[in-house]
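Structure first, then comments.
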Amino acid sequence: MITANEIRHRFLEFFRKNGHEVVDSSSLVPNDDPTLLFTNAGMVQFKKIFLGQEKRAYSRATTSQKCLRVGGKHNDLENVGRTARHHTFFEMLGNFSFGDYFKEDAIRFAWSFITEELKLPKEKLYITIYRDDDEAEKLWQSVAGVPSERIYRLGEKDNFWSMGDTGPCGPCSEIHIDQGADMACGPDCGIGKCDCDRFLEIWNLVFMQYDQAPDGTRTPLPNPCIDTGMGLERIAAVCQNVRSNFDCDLFQAFINYTAELAGVSYRKDSEDTDTALRVIADHSRAIAFMIADGILPSNEGRGYVLRRLIRRAYRFGRLIGLEGSYLYKTALKVVEEMGGAFPELLENKDFMARVVREEEERFNKTLDKGLLLLEDELSALTARNSTCVAGDVAFKLYDTFGFPLDIVNDIAEKRGFSVDEDGFKKLMQEQKSRAKAAWKGGGEQTLAARFQALLEEGIASEFVGYDHLSAESRIIALLGEDMESVEALPAGAAGYLVSTRTPFYGESGGQLGDTGDAVSETGSAEVTDTLKPSAKLLVHVVKVSQGELLRDQAVTLTVREGQRFASARNHTCTHILHAALRKVLGDHVKQAGSLVGPERLRFDFTHISAMTPEEILAVENEVNRVILSDIALNSEHMAYDDAVQKGAMALFGEKYESEVRVVSIPGESVELCGGTHLRATGQAGSFYITSESGVAAGVRRIEAVTGWDAVRLFMQQRAELHEVAGLVKGKPGDIAGRVKTLQKEVRTLKKDMEKLAAQAASGKGRNLMDSVEEVNGVKLLAASLPGANVKALREVMDDVRSKLTSGVACLVAVDGDKVHMLIAVSKDLHDRFTAPALIKDVAARIGGSGGGRPDMAQAGGTDPQGVEDAFACLRQIMGA
């Protein structure tokens, strides 16, 4: 039997031998494509090439692309585990031509691979083509030898592909395999008539040959392209002669492992058990790959999809008897089985397991409470002969207990109920609207639109700041505060200035924009910030201090040297810190965000738990070691692929052009970075971590200072240390020991004070019996014990109860603005009074509440002035 791993290997090798570049799978997070939540097809990483916006060194490529389809038009989540073909995560095998070969070679390659490499029987293969694609039909007949009776013409819905309403598009051909009459859905089963599994589509060949205009007209592309896709899971099932993708070797290892954990059997127990095992197998793959690609559980965007998958898989595990944390084990099984083909799984193995386990434990705390609420709702609906779970109930389950809507749907549907999804969505939208109303925006969308308009007008600027802090330039655009173009900015006016070239670094990559001055023949302005809306546009935020600035005039731009150097120092230390964290904590550490300014640096990174003091010190020492080694930095421009092969770290979520700048500290760090840096690490001087904290699940944050800022902070803390040493009458080097000694002395004194207080209270207690009164035939002792703590109060009450064999006792101790109260009732009076019943009304008089057993109750209050009123209330209750 041919394995899925072998199919993947054969596919890539086949196309490599036919002149294709084997390109690694891109991340599940699309690079610089806001239209996509996840990479969902092989062509996504080549989209800019197809659009003519990017060129690469090769014109033929082949990949095995990681894909995820959850949400949007590809929302198959409810079908996953219940059908033979639906998945969240899958691999797409594909070959691509960028203006190189076209239909004839694409058809030849595909037919050769499936009939010669995979040895699928030709007589069982059928082809669908676009209804007007006469060329494709002739080629399938002449190149592949497919007879006309096995070629079907279908419409645009089935056999025409487009990237969107406009842009590259073209007809496609699909290869189908006949799996046998026993797979038919009925007597009318056939290609183009149904979607059953008898005639199963296994490969789609897209011939991008047109450019579609907004009005729908199509013109031929000058360089037609090829984009093909074949699902690995599907072709593996076909080659292994199994009827379901879940029965191929890609899934069986996970299904069998989970079945063993749960003590159940696949295909032998119930269909519900089989569904649960398939869901867990599918979701475990998606979860492992998502975390390996830097996605972490959260309540929005990609992170929420991950959280949904973890929680959905976890609930299905509970349905087959799994308890505690178990999903992290199935995710580790994914690493074991697929880490060879995808090394990122191995690199993030431990981190991934910890993230999943923490999320499991978090959900487990609320799962039972949420299920109880839903069960109560379903019971109430049954009693009312209703079958729809209200939207507000579904929303409460989501908002309070963390139940994704699909989990509520799963449970409700299984019991014969539906869910008011419209009501749920309305409440979700109201919540989002409230959040938006609470946020005061800054007009970022207006800025972005205006800057995009400048780019479309051909306005661009060149950055020369790596080598110069001052440059002569020409003003090519001026905008007022309202973002409208102006010919001049007068004194006192604020606005935006764009020049042909500039030494000012625009905010990007976490580094803040430069500040400085702009001086022309007619005026001068302070540059308060520099923006970088795109790689080709740098915008100075200015405030004119004297005269006026005019469009199309010469201008001298000068960066503030001190601030630039301070920012460069912090940026270089950010790179050193990143490397140090990976060395101390492990290779799972990845940058999750940063802020680099002249005064400090902030670095967010993936790590599941708080750093220990020892780890923080180790990181600090490592950074300072690199600084004191005074290593010269290197920076060079090269192709992105070459940089990655060189070991440069591409930071998660960052956009990179085809040519990138690589900043390296030899022997320590290599990163893709466009920021400004020191010439050598020694210029940083020193490094000091000021805080380490958590900012999200699995994300930690370090804040630090460098150079003189670090020295000043050290000197300040040293002065404070000397001051503390003086206060505790010790030396700076002995402070820890001296403080421990003082703490021990304080504990001893506290115990002595408690003992004295207890003795005093006990003495007071012995005298209290003289204060016993009688109310309505019942003995009552109501007394206050000044200076007694709770422990002493209890000891006195025990003494009083031993002496007052029948009666009620109420003792009160006041500690500042806090009031402690105890009420005891002897057993023979329980038919008339109980301690909890008495204390409920009495404690209200001291601004508190309490409870307890029939014989003893306690309360706390905040109104010492109400003590006598409380005693009077007790007498009144007993006398009634």
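Glycine residues also receive a Cβ, built from the backbone N, Cα and C atoms like all the rest.
Database features (Swiss-Prot):
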| type | residues | note |
| --- | --- | --- |
| BINDING | His571, His575, Cys673, His677 | Zn(2+) binding site |
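The most densely surrounded of the binding-site residues His571, His677, judged by C-beta neighbours within 10 angstroms, is His571. Less than 8 angstroms from the CB of His575 (Zn(2+) binding site) sit Val663, Ile665, Ser669, Glu671, Cys673, His677, each of them six or more residues away in the same chain. Counting every protein chain shown, 25 other Cβ atoms lie within 10 Å of the Cβ of Cys673 (Zn(2+) binding site).
Same-chain residues that are not part of His571, His575, Cys673, His677 yet have a Cβ within 8 Å of the Cβ center of the Zn(2+) site turn out to be Ala568, Thr572, Thr574, Leu633, Val663, Glu671, Gly675, Thr676.
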